[in-house]
């Protein structure tokens, strides 16, 4: 897999993956927190049909009080937050990757190659393991986000924040007519009510078909269904990049260029605004979550809150939270000695790609009917136990692997494919 040195500008410049000593330690630590959080966010999607992810009555027995309270806690603190954090970190990583290489054209070509392989990894993950893949969306969104890399930090932040908020509002508006009809009660148009009821019943029927398949005893049947019936979801993931992923990547670029992730650059003047933004985002999410809870999870109200308003509230939460988390991470990694937990989280962050795919494989083996046969059977409280075990697995695996190798298995493979050469990995 060694390329001819004069075939393209990429091979005319000596480039190689960043070495361990050149890594930004705070990014590894935050990435470790994010990859653990992603499992908590995705666990309901692994264990149940899609609508159970945002609609507790789809859980066993219609969902108990604990299911609903855990939904509320996850809505406020988890759902969309860790995906958003990963998007911000991805944008920061794009700038870091490009700024390491003196020639911008070479750096951009390498980044495009890197994103191309990520798209292929995402497609494999989507079809073979988990419908809720984010890698495909990141790869596609990254191709467009590349155009934002040369912009100034303030421009990246301004455009990213406004774009992300408008994108969330645009998603929420799609549910507004149905929500207004539902809230209209007895005064609502009967024809409109009938149409929305039919639409919701169609979603329930699709969920029932999917649930039967996932709980069945044939992996090939699941794969066939995903190829023939769910491939259209990839278009949704692609378009979602223009709603959320690209603007959040731009925010990550701006934060990185502003020095947020670098040691010694956490200036006191932005701590107050960052904390205020975090509190504002949490308050808005809590208000929306309590309203949904008070309406007993009326379907379209729940969907509007989950897919629209939450994204809007998450923008200040993510910007403020990322700044504070980066400050804490930089200060922690600059200390005289890192704690056991900090080291283990950093290890998990260095292997975030491998851990993300690895946990998907493990969850498939636990839940799908042809394997562990637990699909559709567990309540949210029980799923928290599975998440805790998954966290322990990621931490242990990362520690054992990195004691012997420089990079995680998929991180190593991704870099070899990006640079089109074999790098040594054993320590």
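Glycine residues also receive a Cβ, built from the backbone N, Cα and C atoms like all the rest.
Check TrEMBL against the ranges 61-81, 82-102 and you find transmembrane segment recorded for 82-102.
If you count C-beta pairs under 8 angstroms between the transmembrane segment (114-130) and each of 82-102, 160-180, 274-293, 305-330, 351-371, the highest count goes to 351-371. In terms of C-beta pairs under 8 Å, the stretch of 160-180, 234-253, 274-293, 305-330 lying closest in packing to the transmembrane segment (33-55) is 305-330.
Long-range Cβ contacts of the transmembrane segment (274-293) within its own chain (Cβ-Cβ under 8 Å, at least 6 residues beyond either end) map to 68, 72, 75-77, 301-302, 305-306, 309-310, 312-321, 323-324, 327. The transmembrane segment (305-330) and the transmembrane segment (383-402) are not in contact, since fewer than 3 Cβ pairs between them lie under 8 Å (pairs 6 or more apart in sequence).
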